[in-house]
Amino acid sequence: MSRYHEDVDEMADAYEMGDGEDDMDEELRGRGMGDSDSEDEEYGQSNYRVTDTTSAQARKGKDIQGIPWHSLSITRKQYRQTRLEQYKNYENVQNSGEASEKECKSTEKGGMYYEFWRNTRAVKSTILHFQLRNLVWATSKHDVYLMSNYSVLHWSALSCQKSEIMNVSGHVAPSEKHPGSLLEGFSQTQVSTLAVKDKLLVAGGFQGELICKYLDREGISFCCRTTYEDNAITNAVEIYNSPSGAVHFMASNNDCGVRDFDMEKFQLCKHFPFPWPVNHTSLSPNGKLLVIVGDNPEGVLVDSHTGKTVHELQGHIDFSFASAWHPDGFTFATGNQDKTCRVWDVRNLSKSVAALRGNLGAIRSIRFTSDGQFMAMAEPADFVHVFDVRSGYNKQQELDFFGEISGISFSPDTEALFVGVWDRTYGSLLQYNRRRNYSYLDSLL
C-alpha cells in the first residue's frame, strides 16, 4: 500500500476528491457541507444546524444525513451526478477501473434488505490512511466500536450514549506483564486499522504497533511492534478462535508479512513472509486456508499452517485491500482498486465466480452476514452495496449517502449494519436495521 500522508484533508483532496473545487462544492461548503470540525461552527451561512436523523424523520422526507437541500442552490440529484462524474479513484495501476468494467456482471438494483434506522452525529468517525477502511466494528446490534481521531469509542445504539474505550494521543503502556510485550508502550499512536470481536480489541498503528485490550479488563493487556522497518504500517487485523478455542489474531503488514498471535499465551506463533506488502488477510471458517491480498494484482490462497501457496487468484488488475469468507467455507470475496469485488469458489479457482462493480472507486471493505444471506461491499465514499447471495449476487441494495467511508460492520446476529462516514461537517455513524417480512402478522390484518 502507499505510504500515508500526514495531512488528512490534503490526502482526501489529492487522492479521492479530484483536483480543485468547482462552484457546486464551494456552495455546499459555504452552506455547511464539510467546512468545519467543530460542532459550534455547524450553522454556516444557511444558519442550519446539522442534527441526528431518525427513521421516522427520514420517512417524512428529511435527508438521512441532515443535508439541507431545500436551502441549497443545487439538488441532491445534481450533486450525486457531479460526484459520479468528478470523483477521482486512486489507482496504483493506471486505468485499472476502466479496464475491469467489461468483465463485470450487471446486477438488479432496488433490493430492500436493510432499512435506514438512524444517523448519529455524536460519534465522528475518522480515517488516517485513505486506503485503509476497517475502522468500524459491531459486537452486537447495540454495540459499535470505531476510531474518532485518537480515540477508540464505544457507541450504544440502545442508550444512544458514547464512551471512550482507549485514548492513544498520549502514552499507552500495558498494565499486564507477558513475554514479548513492550512494557514501555507507545506514545501518540496513529491507528491505521482496528478489530473488535467478543471481548478483544486490537488496534494497529503506522509504525507497526499492535495494542491489545480486553474490554472486560482494566488497562491494556499487550503491546508489541511487528517490525522496525521504515514502511511498517499495520494494514489489517483479523481476530478469530482457533480449533482449540484459543483467541488469536492475524496482522497484515506493509513489511510483506502476516503474523499470527496467540492471545492465550500472548505470543507470536506464526510469521509468513510474502514478496509484496500484505493489505488484508482472511481465515476460512474451518481455519485451514488464508486469503492473502496486497500490493499485487494476483492474490493467493495459502495453507494457514505452513504458509505455502495453494492457488494464485488471477483476475484483478490493481492492488487489493479487502477480503472476506462466506460462512459456508467454499466461497470468498476480494476487493480491489480496479473498482471490483470478485467472488471465488475454492472448488474451482481457475477464475472468479463473479465480478461485481462499484460506482465511484475501489472496493475497500467487504463483509458477509453470519447467516451467509448477504454480502456488503464498501467503496471509498458514498456507496455501500448489499448483495443477496442466494440470488447468485444478481440482486443488490445500494446505500447512497455522501462522505468517505471509514468502515462497515454487520452485527453478529445480522440484525444491524453500521457504516462510518468521515466528513468535516457530516461525519457520523449510519445504522441500518434488517428488514423482516412477518407474513404471519399480515394474516391477522
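Just so it is clear, glycine is given a Cβ too, placed from its N, Cα and C backbone atoms.
Here is what TrEMBL says about this protein:
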COMPBIAS  7-26  compositional bias 'Acidic residues'
COMPBIAS  44-57  compositional bias 'Polar residues'
REGION    1-62  region 'Disordered'
REPEAT    313-354  repeat 'WD'
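Long-range Cβ contacts of the repeat 'WD' (313-354) within its own chain (Cβ-Cβ under 8 Å, at least 6 residues beyond either end) map to 1, 89-93, 96-97, 99-101, 103-105, 131-133, 235, 279-286, 289, 291, 293-301, 360-368, 370-372, 375, 377, 379, 389, 392-393. Residue counts for the repeat 'WD' (313-354) under DSSP, split into helix (H, G, I), strand (E, B) and coil, are 0 helix, 21 strand, 21 coil.
Confidence across the repeat 'WD' (313-354), taken as the mean pLDDT and rounded to a whole number, stands at 97.
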